[in-house]
Amino acid sequence: MQRPPPEDFLLKETKPHLGGGKISGDKLTSTYDLVEQMQYLYVRVQKAKDLPGKDVTGSCDPYVEVKMGNYKGTTRHFEKKTNPEWNQVFAFSKDRIQASVLEVTVKDKDVVKDDFIGRVFFDLNEIPKRVPPDSPLAPQWYRLEDRKSDKAKGELMLAVWMGTQADEAFPEAWHSDAATVSGADALSNIRSKVYLSPKLWYLRVNVIEAQDLQPTDKGRYPEVFVKAILGNQAMRTRVSQSRSINPIWNEDLMFVAAEPFEEPLLLSVEDRVAPNKEEMLGRCAIPLQMVERRLDHKPVNTRWFNLEKHVVVMEGEKKKEIKFASRIHMRVCLEGGYHVLDESTHYSSDLRPTAKQLWKSSIGVLELGILNAQGLMPMKTKDGRGTTDAYCVAKYGQKWVRSRTIIDSFTPRWNEQYTWEVFDPCTVITIGVFDNCHLHSGDKAGGAKDSRIGKVRIRLSTLETDRVYTHSYPLLVLHQSGVKKMGEIHLAVRFTCSSLLNMMHMYSHPLLPKMHYIHPLTVSQLDSLRHQATQIVSMRLSRAEPPLRKEIVEYMLDVGSHMWSMRRSKANFFRIMGVLSGLIAVGKWFDQICNWKNPITTVLIHILFIILVMYPELILPTIFLYLFLIGVWYYRWRPRHPPHMDTRLSHADSAHPDELDEEFDTFPTTRSSDIVRMRYDRLRSIAGRIQTVVGDLATQGERLQSLLSWRDPRATALFVIFCLVAAIVLYVTPFQVVALLTGIYVLRHPRFRHKLPSVPLNFFRRLPARTDCML
């Protein structure tokens with residue numbers, strides 16, 4: 001039995017003060033109810049008018065400075081404008097406010113020193129409170145005052161109120177905890193955003209045949225193949241077996257395409273004239289917007305496409321030489337009945353087909369409250385000290401969410417709430433925590449990557465409906481030095497079911513859309529297509545503003561999870577042993593019954609066995625009643641918490657350093673030849689053991705086959721005679737008598753047993769196998 005993981009790596013249930021404490025039973029009743037309320041002072045700087053000019057033109061370069069204690073935020077400045085419009089919002093956290101007066105100052109931008117134009121003061125005790133869904137507070141005009149508190153020329157339109165993070169102004173506001181961030185790009189990198197994955201399609205290209213090809217060398221049989229390119233994906237058919245000018249392939253090529261379709265499908269027919277030399281016989285480009293979309297298994301119509309020669313660019317004009325005689329016959333379609341797998345099937349967050357017409361109605365809603373993190377490790381060094389600028393990314397279905405970045409904090413508080421529609425309960429939401437390395441203008445040029453702090457997976461089917469789960473999850477990351485706890489993230493999760501009947505009915509449906517079973521893709525195709533899908537998703541999301549960078553997407557989608565790992569192999573082996581441990585325990589228990597270790601239990605088993613033999617119609621009801629009683633008994637000890645990352649199950653805490661170094665090695669390897677040789681020898685020894693086990697299994701199967709093959713004529717003759725005698729005996733003897741005698745013989749007292757193997761086992765072990773024929 002496995003030891004439990006260390007206490008520090010366990011899940012912890014918490015009791016946060018959610019939604020202002022408006023709790024009714026297990027379900028909270030407010031609209032922003034899965035997070036703790038955070039109070040903010042909001043200042044909306046709308047516009048100004050009648051500002052005084054500083055030169056003969058009567059104009060100025062105004063901007064507004066909003067100051068609250070030690071925190072100061074500024075708007076952008078306008079050149080030569082007396083009636084500017086800013087429409088910018090500033091948010092100051094109430095927890096960090098150390099002053100009682102808010103100062104809003106209008107200044108004139110100058111090369112040497114900015115000139116003072118006027119200011120407005122607000123007493124914090126007089127500022128109104130606003131709680132959504134109240135309408136936004138209307139801005140008002142305020143007369144500017146000079147340094148002596150006398151009226152100055154000009155007016156400023158402002159709105160000032162106290163609110164929470166539920167305010168609609170919150171996402172786009174300037175935050176006081178981001179005062180050290182410089183540059184517009186860096187400011188956009190710290191804001192919370194919602195992203196949508198591109199809509200992915202499988203593109204099937206069925207290359208059937210080509211006609212009237214014209215190779216350059218007429219005196220040889222052409223070796224023709226078709227090469228297809230879509231974006232960064234390239235595939236080719238095999239060389240046609242019919243070596244003629246009318247080759248036939250009838251071969252499928254599969255690609256991943258993303259809407260909006262930006263690039264056409266490029267096809268070229270090529271002739272292999274030498275081992276490393278191909279000659280293009282023609283090509284064509286097919287825009288994906290013109291390709292037919294298939295929703296079921298019915299084949300689409302085939303089409304003939306004309307093949308062109310090279311496009312020669314001359315003096316800025318394209319000149320095409322079209323061969324009307326050469327053409328290619330294909331069936332091209334976008335597959336809407338498949339789900340494009342960009343995640344591992346073990347923890348997919350979406351299983352719907354591509355075509356929206358095939359979607360079922362949603363069965364519920366998933367709500368996630370990202371509360372805070374505790375005890376984060378320093379991820380980088382700034383001004384000689386460790387610091388972390390943490391943000392969260394959550395992915396479920398096609399929707400990605402990114403929280404705002406909390407600057408320079410090991411205990412960040414986000415308190416942001418997000419919602420997803422749920423179409424299948426057997427799906428997983430993934431939440432990752434990262435360190436933002438793009439907060440300053442110089443970071444982008446350095447090519448810095450956001451560091452991973454850890455991630456959490458929650459399977460929806462393990463959650464009770466309408467219950468709020470509040471837990472602190474350990475953030476565990478595997479490094480080359482071993483597993484390390486990077487902190488804890490505090491989450492609140494609720495899965496609300498709209499129809500219990502529909503959700504129960506989902507358990508009878510296949511996991512993937514029906515096209516995966518009617519026309520299944522091969523394992524190698526699925527691996528290749530998943531790799532292409534993750535590349536497309538990461539490329540598209542990295543082009544958003546602010547970008548969700550490639551390293552983030554790949555970490556969330558577990559891109560490298562299919563690579564060889566000694567640690568994972570050990571973990572999977574012990575998982576199999578854990579599954580088989582129940583059968584092994586039953587075998588040991590039955591062996592104790594047969595050997596009369598507990599005579600009372602053995603006698604009871606004899607009585608039960610005789611009853612079941614005399615009344616065989618009770619066998620299946622007894623089995624199912626027993627399983628029912630076991631299930632009801634275990635209900636008392638059902639898991640009350642969601643599952644989480646288990647270091648012992650993963651063998652992360654006991655992995656050898658060299659095994660971890662091998663796991664983190666690139667593909668192809670970058671290690672020295674001595675290390676690679678050592679690892680290769682280790683892999684050979686492991687494979688040798690596996691080879692022995694597989695050979696033993698094959699031997700037992702071949703011995704079964706040899707019973708009737710007459711490979712050993714005496715053994716087969718004995719078995720045939722035994723079968724004849726057994727057929728006669730079983731025919732004249734009632735089945736219940738045979739079963740009863742067999743059971744009593746198996747359960748006989750040890751006094752009537754021998755320590756030597758039984759006669760059937762001795763006979764089986766003497767049967768020949770094909771090991772003698774192995775080289």
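All residue numbers here begin at 1 and follow the chain in the order shown.
Including glycine, each Cβ sits where the backbone N, Cα and C put it.
Automated prediction, rather than curation, is the source of TrEMBL annotations.
Feature annotation from TrEMBL assigns domain 'C2' to 22-142 (among others).
Marked as domain 'C2' by TrEMBL: 181-305 (among others). DSSP states for the domain 'C2' (181-305), grouped as helix (H, G, I), strand (E, B) and coil, give 8 helix, 64 strand, 53 coil.
Per TrEMBL, domain 'C2' is recorded for 347-473 (among others).
Taken from TrEMBL, the feature transmembrane segment covers 573-590 (among others).
As annotated by TrEMBL, transmembrane segment applies to 618-635 (among others). Remote same-chain partners of the transmembrane segment (618-635), defined as residues 6 or more beyond its termini with a Cβ less than 8 Å from a stretch Cβ, comprise 611-612.
The transmembrane segment annotation in TrEMBL covers 717-747 (among others).
Taking Cβ pairs closer than 8 Å, the transmembrane segment (717-747) reaches residues 593-594, 602, 605-606, 609-610, 613-614, 616, 707-708, 763 in its own chain, all 6 or more past its ends.
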